[in-house]
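Working notes, structure below.
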Amino acid sequence: MLNSAMSVVILAAGKGTRMYSDLPKVLHTLAGKAMVQHVIDAANELGASQVHLVYGHGGDLLKNTLKNDNLNWVLQAEQLGTGHAMQQAAPFFSDDEDILMLYGDVPLISVETLQRLRDAKPQGGIGLLTVKLDDPSGYGRITRENGKVTGIVEHKDATDEQRQIQEINTGILIANGADMKRWLAKLTNNNAQGEYYITDIIALAYQEGREIAAVHPDRLSEVEGVNNRLQLSRLERVYQSEQAEKLLLAGVMLRDPARFDLRGALTHGRDVEIDTNVIIKGNVTLGHRVKIGAGCVIKNSVIGDDCDISPYSVVEDAHLEAACTIGPFARLRPGAELREGAHVGNFVEMKKARLGKGSKAGHLSYLGDAEIGDNVNIGAGTITCNYDGANKFKTIIGDDVFVGSDTQLVAPVTVGKGATIAAGTTVTRDVADNELVLSRVPQVHKQGWQRPAKKK
């Protein structure tokens, strides 16, 4: 029966010795996000009124990383088992709310499965998430009597007969707050590990005549935990495969689903094509008929209809209007804006710069802190010199300007509409509309010039 209120406890106190890392295990990332953040997000989406995070090792790192989440931090100074961890959180439980127990190193648990578990919890009983494995070695076995769940026996404490059981405990369960506190108070550490097992509450509930409802997840990967980097890498591939499948079924053409990484959220239009080894980070929006070439990285950007991004380009915190062309090997840094039909070619870098409608920067240029008008040509090797060693300054270029190759624009500077900047010019003062500007060392010719001889 579903209570209106529910709190979630996430166990995240483990050190993660087998990760061989200074980083707490639950902060290692899957799809660009800390494992524990996946679990927190699921809890919040499920409607948790409070999320209690039980921590131990690396508390400062955890708190700093998760500072934007509304968490109740619960210290487990000694790691004496899952039951002990829940005992630390128990003082915060309300009697009339449900308590859902999750794990910070089980990142792929789905909201849909958790909702089914919550719905299945009997009044006064326990909802328990279980799975059946061909090889259940090392896992706690589910014991039943006449089909009813009677308890969980940890592998080290199980008899030979019990070790033949294939149904195992995932560790995820839900119960009423008052019941949970009462059962937690009765736990002992009289077992092979000398720890307090949360699983012992199943037998306590059964002895009280309470019902235990077992629910199975849709996919085994939902309940797979991470103890080492190999397991984490496998779950990463599972997750990416699932995301790629969803995108393909929604109409996105992934040329090789096995070589696509989604590390955030992708919103897309129709007939989008994505080549191999593309990485999507953060929140990305792709319009209709967008094409992304091989090896591109797109992060927190909006890309308009009919844009074409050539291979090995990096686009971060940028906004592209329709029909823009990028790359190959272009870099759009935060604050880059391209108006309709603009072109940024190979080895061009933009940062906090706007390139106007139909304007082009074809190759080998740096455009930083700049406002560039419509139908402007930026020649190869153009640099907006925006930094004087202490402060940044802006370059403003009007419509229909032609900037020749190897030009330096020393900001702050404004170039008027229709102006022409000759190749090799260093612009240090404002340029009026329709002016021609050039600054060059006079070209000298010396007939019969002899090169210096090399010393032997």
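Glycine residues also receive a Cβ, built from the backbone N, Cα and C atoms like all the rest.
The following features are taken from Swiss-Prot:
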- 1-229: region 'Pyrophosphorylase' (REGION)
- 11-14, Lys25, Gln76, 81-82, 103-105, Gly140, Glu154, Asn169, Asn227, Arg333, Lys351, Tyr366, Asn377: UDP-N-acetyl-alpha-D-glucosamine binding site (BINDING)
- Asp105, Asn227: Mg(2+) binding site (BINDING)
- 230-250: region 'Linker' (REGION)
- 251-456: region 'N-acetyltransferase' (REGION)
- His363: active site, proton acceptor (ACT_SITE)
- Ala380, Asn386, Tyr387, Ser405, Ala423, Arg440: acetyl-CoA binding site (BINDING)
* Spatially speaking, which of the binding-site residues Asn386, Tyr387, Ser405, Ala423 is closest to Asn377 (UDP-N-acetyl-alpha-D-glucosamine binding site)? Use C-alpha to C-alpha, please. => Ser405
* Asked: Between the binding-site residues Leu11, Ala380, Ala423, whose Cβ has more other Cβ atoms within 10 Å than any of the rest?
  -> Leu11
* Local confidence of the region 'Pyrophosphorylase' (1-229) - pLDDT mean -> 95
* **Intrachain residues whose Cβ lies under 8 Å of the region 'Linker' (230-250), provided they are six or more past its termini** => 28, 30-31, 35, 107-108, 221, 224, 257-258, 260-262, 266, 268
* Could you list the residues of the same chain, at least six apart in sequence, whose Cβ is under 8 A from the Cβ of Arg440 (acetyl-CoA binding site)? => Ala422, Gly424, Thr425
* Structure fact -> The recorded positions listed are Leu11, Gly14, Arg333, His363; by CA-CA distance, the one closest to Ala423 (acetyl-CoA binding site) is His363
* Which one is closest to Leu11 (UDP-N-acetyl-alpha-D-glucosamine binding site) in space, judged by CA to CA distance, out of the recorded positions Asn227, His363, Ala380, Asn386, Tyr387? -> Asn227
* Maximal Cα-Cα distance (Å) across residues annotated as binding acetyl-CoA, namely Ala380, Asn386, Tyr387, Ser405, Ala423, Arg440 -> 23
* Looking at Cβ-Cβ distances, which residues of the chain lie under 8 angstroms from Glu154 (UDP-N-acetyl-alpha-D-glucosamine binding site) while being 6 or more apart from it? -> Gly140, Asn191, Ala192, Gln193, Tyr197, Thr199
* Structure fact -> One residue among the binding-site residues Asn227, Asn377, Asn386, Ser405 has the fewest other C-beta atoms within 10 A of its C-beta, namely Asn227
* Anything within 10 Å of Gly14 (UDP-N-acetyl-alpha-D-glucosamine binding site)? Look among the binding-site residues Asp105, Asn386, Ser405, comparing CA atoms, and list what you find. => Asp105
* Asked: For the region 'Linker' (230-250), what does DSSP give as the number of helix, strand and coil residues?
  -> 20 helix, 0 strand, 1 coil
* Check Asn377 (UDP-N-acetyl-alpha-D-glucosamine binding site) against DSSP and tell me helix, strand or coil, would you? => strand
* For Gly104 (UDP-N-acetyl-alpha-D-glucosamine binding site), the one of Ala380, Tyr387, Ser405 that lies nearest, given that the binding-site residues are compared by Cα -> Tyr387
